[in-house]
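Asker: Once you've had a glance at the structure underneath, I'll fire off some questions.
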Amino acid sequence: MAEQWRSALLLCLLMAASSLASTGTTAPASTGNDTEHGTGTINTLPIVTWKWHHVEVPYLESHHEHGGGHNATGIAIVSFKWHHVESPYLVAVWILVCFFGKLLIEANHKITNYIPESALLICFGFILGGIVWGADKVQTFKLTPTVFFFYLLPPIMLDTGYSMPNKLFFTNLGAILIHAVIGTVWNAATLGLSLWGCHQGGAMGNIEIGLLQYLLYGSLMAAVDPVAVIAVFEQVHVNEVLFILVFGESLLNDGVTVVLFNVFDAFVSLGGGAIDAKEIIKGIVSFFVVAFGGSLLGFVFGLLMSLLSRCTKNVQIIEPGFIFVLGYLSYLTAEMLSLSSILSVVFCGICCQKYMNSNMNENSIQTVRYAMKVFANGSETMIFVFLGISAIDKAIWVWNTGFILLTLLFILIYRFIGVFILTWMLNRYRLVPISFVDQIIMGYGGLRGAVAYGLAVNLNESKIKEKNLMVCTTLLVVYFTVILQGVTMKPLVQWLKVKRAEIAEITLIEKVQNKVFDHMLIAIEDISGQIGDNYMRNKWRNFEEKWMSRLLLKPSARKQQDHLYNVFHQLNLQDAMEYVKEGERRGSLEFIRNESAFVDFKKKLGEDYEEAMPDIMADMPSNDPVSTCRRDVLPTVSLEMHEQNMRGLREAEGINAHHLLDQHLYKGRKQHRYRYSRSHLDINQDENEVQEIFQRTMRSRLESFKSGKMGVAPPKTITKHTKREPQTKMPNGKNKPYHSGDEDFEFSEGDSASGYDTSFPTRVTYRAGAGIENPAFMPDLDPSSPLHIPPWLADAGMEVNPVAPSERAQVRTPGYLHRLSSLRTNARSGETAQDRDLPTPPPHRDDDHL
Amino acid sequence: MLMINVFVSSVSTEQIKNLHMRFQQLCGNEKTLRKEHLENIPTLADNPIKTEIIKAFFDKRNQHNNELGSYEEIGFEEFLMVMSHFRPPSIKTSAEEKAAMRKRKVRFLFNMHDTDGDGKITLEEYRKVGIVEGLLSESESIGQEVARAIADAAMLEVASTNVPNMVREVTKITLALFLHFACPQILKDLEMESRMYVRFLDMNTANLRCGK
């Protein structure tokens, strides 16, 4: 199956590629630089037309018959206007081809395990380029700087900014800056000077490059490329500090590169004689202006964006669009003012992420998140493919063994030397020193990429005679670093046993402790009378809370800011999910056993869910306004459907917990519909009650846990269920039309993960607000009237706990449901219900076993 | 004094001098430091876990004399001892020393929670300490009750997760467990361990911020 799929893909791809290639073939029929912006391909493509007709004739035959083609004198019903659509068409086709390439590559996991995707994409580019070349004999497509800098780069940078781990980034900012600024200058200077030295020594043979030009070349080669670094490091999963160091450096050194490049470019034009101290000082000043100006501009745009997102509620559909447009504008504005555009867009993303994520509603956030990835990943794919394609061009290949090999050597060596020196200095001041192994990876991670290539192509040929040599060497360096270093990176990381990133679920207590740490450190600094990192961080946080949040966040969003709370909420959700699963299972069994207990069952099921609810709605008690508004929207706590829930969610803007949750939960398929209606239940109006419910759950969980420790019960085997069972039970629970065949109801575990995993979490997630209205929540209350007696009235004494110890013991599987006492309670009640065939709600379960 | 030398050895004399100046500044003209002195530090006023921190300074357990109870007032030695929990490791610090330091830090944290000094954090203690409440009350929206519930949930979480080779008591956390759950980053020697350190600057910073 997989094989077929793969070969089919390959076929498609080849077809696409060859048709494209053949389009390229022929005579230069037309002219014109296309105005359309798009991929780098366009300006080369005028040619295509004629061939296109050839290729496509079979498909278009009928059109021609009827429409008479271009020459028809009468009204053409269908006409073939290739020129009309040419450039956008080609752009689209190229994008498609690149995507196919990615698809093809990703279909082969075995290969991508060893070779990073970026390297494969470049190789794919080679092949495409080869095809084009074979058909054309001319290099017709390549990555032009305009396309790269204006269309491909910005989305990637915006995405990196937007998804930047802020805290990590700013805690390591010092080290990052040192590496980015000093390291880059070091790289540029040493490379330029060494090459020049070798030149003087005669290692290069006969080429016309002066010192300044070497320095210019050094400056364009100096910068570690963000795109390449992300692409390689994302697949390696090194520890986060190491990652942020390399990655942050690659982002921030853009400012330096741009300045160095411009300065030396200007120097080259001026000629050696005209450079005096004044010019050099101007160059240094311009560095600060460019770098800080760019960052500041991005910051301003980020703030604007956040402000804007406060009031975009009414244009929800285009709400996500703002971030893209404004982000792009920040890039262009910086470019216009000749500031560092990369820094600008990155900081724009960094600055707005928090506020945007809180202000926008859940759907928009998802949209932004995905769209951002689509653009960024797409751009990245195309950049690499086109880097590969660009290689297939006779014109640029000027071989000079000395120059090329020395460049490669120096780049590698000086990078390592630079990293070692700088980290040695930094380590004297760092609390946690960067280990030697990490330094090696940092040095080895100095990948060069498309930015260098873009700059190299930008060189002015009239001033620099050996431009082609430089371009070609740059390309080689890019291939060398991305492909060779990229491929060897993973084995190296494994071999050196570099600390990997830990993907650990953060526990609640840990979260609490982290906060305790923070405050403790601040306190200690206060007591010892120092102004340290923690002090500054604290100041910033206070400032941020006081002013920024007030200004930039919607009031509703502001309330939901607490992370501790979010984790708590998450935990509860997990419990609830497990619990509901369990409930489903039991429920279905039970139904099968007593068909007659129709009504009961419904009730019981309701309870089951309700118990899960309070957990879910843990976020509610704290924020009354939101919950109220939600309640309005969701008239009943419906366990049903998404349409409703979605609507509800939309209103419930600023439920911050959702962002967090959604990142951690499986996504449900939207078409899933759940047929529970709980509309027949009373609606719980009182917010205090909500709070109370919540309290009680916690309490009962705790108690159940305690008793679980002591209780000894015979193991109960939980029967596995077939798919059908869950299905059958639902309708009963519901009174709604019976959907036996409805695939939406595949809850059973045996079912594929997609059916199960996806559906459950979703339900739970979206039901967040629902718990409020859950009257039947506490089953342990008076059994006869669970719907009417508020839980807290029923058992005022805190310690009176409804627990079924025995049950708990059974469910002892590690990590399984311990947090959720209610589950056990219900399990028990479920059994009793079966036994007695009762129309009454579950009996007290506590007494007998305690 | 010997004890102090052991623990404080990596705090440089310069730093000790600074801390001493600060100590004198804090306690005014007296020889010893009392709780009010610390409570009077203005910047500390907003700290949600202020009380616990101050208590920790006067806790005998943190002096490593195997004593329980707390002092009414402490001298500079004790002050330094508490402070030494937070000194950062230097590059030269060996792995074992680092581990020992981490352990002391965790112990310190643990003591903050374990108010009765029986080596276990009970649920009651965890709730009572008010750390969670303190932290949560920062964000106004969360009520005390909820904070309590969170404390409960956190305890439960610890209690309900199965850890191999560890005997657990219901709703009580022993040091080992605490280490395992609350501070895994410390346990695992992750980069995050930097959290528990305060950089005592060599320069005299006491003047930068006027004391009380």
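The backbone N, Cα and C atoms fix where each Cβ goes, glycine too.
Because TrEMBL annotations are produced automatically, they should be read as predictions rather than curated entries.
Per TrEMBL, the features are:
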SIGNAL    A:1-21  signal peptide
TRANSMEM  A:87-105  transmembrane segment
DOMAIN    A:100-495  domain 'Cation/H+ exchanger transmembrane'
TRANSMEM  A:117-135  transmembrane segment
TRANSMEM  A:170-194  transmembrane segment
TRANSMEM  A:214-234  transmembrane segment
TRANSMEM  A:241-264  transmembrane segment
TRANSMEM  A:284-308  transmembrane segment
TRANSMEM  A:337-353  transmembrane segment
TRANSMEM  A:374-392  transmembrane segment
TRANSMEM  A:398-424  transmembrane segment
TRANSMEM  A:468-487  transmembrane segment
REGION    A:708-756  region 'Disordered'
REGION    A:805-850  region 'Disordered'
COMPBIAS  A:822-832  compositional bias 'Polar residues'
COMPBIAS  A:833-850  compositional bias 'Basic and acidic residues'
Asker: Go through the chain and flag residues at least 6 beyond the ends of the transmembrane segment (A:398-424) whose CB is under 8 A from any CB in it; none is fine as an answer.
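Answerer: Residues 175, 178-179, 182-183, 186-187, 190-191, 194-195, 198, 203-205, 207, 221, 434, 439-440, 442-444, 446, 448, 466, 468-469, 472-473, 476-477, 480-481 contact the transmembrane segment (A:398-424) from elsewhere in the chain.
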Asker: Among the recorded stretches A:87-105, A:117-135, A:170-194, A:241-264, A:468-487, which has the greatest number of Cβ pairs closer than 8 Å to the transmembrane segment (A:374-392)?
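Answerer: Selected stretch: A:117-135, with the most Cβ pairs under 8 Å.
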Asker: Within the same chain, where does the transmembrane segment (A:337-353) have neighbours whose Cβ lies under 8 angstroms from its own Cβ atoms, ignoring anything closer than 6 residues to its ends? I mean 6 or more beyond.
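Answerer: Those are 149, 153-154, 157-164, 166, 169, 226, 251-252, 254-255, 258-259, 262, 289-291, 293-299, 301-303, 305-306, 309, 323, 326-328, 330-331, in sequence order.
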Asker: Count the Cβ pairs between the transmembrane segment (A:214-234) and the transmembrane segment (A:87-105) that lie under 8 angstroms and are 6 or more residues apart in sequence, then report whether there are at least 3.
Answerer: no
Asker: Which of A:87-105, A:117-135, A:241-264, A:284-308, A:468-487 has the most Cβ pairs closer than 8 Å to the transmembrane segment (A:170-194)?
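Answerer: The stretch with the most close Cβ contacts to the transmembrane segment (A:170-194) is A:241-264.
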Asker: Are there three or more C-beta pairs under 8 angstroms joining the transmembrane segment (A:241-264) and the transmembrane segment (A:468-487), sequence spacing 6 or more?
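Answerer: They do not touch: fewer than three Cβ pairs between the two stretches lie under 8 Å.
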Asker: Pairs of Cβ atoms less than 8 Å apart decide it: which stretch in A:117-135, A:241-264, A:284-308 has the most with the transmembrane segment (A:87-105)?
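Answerer: It is A:117-135 that shares the most Cβ pairs under 8 Å with the transmembrane segment (A:87-105).
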Asker: For the transmembrane segment (A:241-264) against the transmembrane segment (A:284-308), do we get 3 or more Cβ-Cβ pairs below 8 Å once near-sequence pairs (under 6 apart) are dropped?
Answerer: yes
Asker: Near the transmembrane segment (A:284-308), which residues from the same chain, at least 6 beyond its ends, have a CB less than 8 A from one of its CBs?
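Answerer: Beyond its ends, the transmembrane segment (A:284-308) has Cβ neighbours at 161, 252, 255-256, 258-260, 262-263, 322-323, 326-327, 329-330, 333-334, 337-352, 355-356, 359, 551-553.
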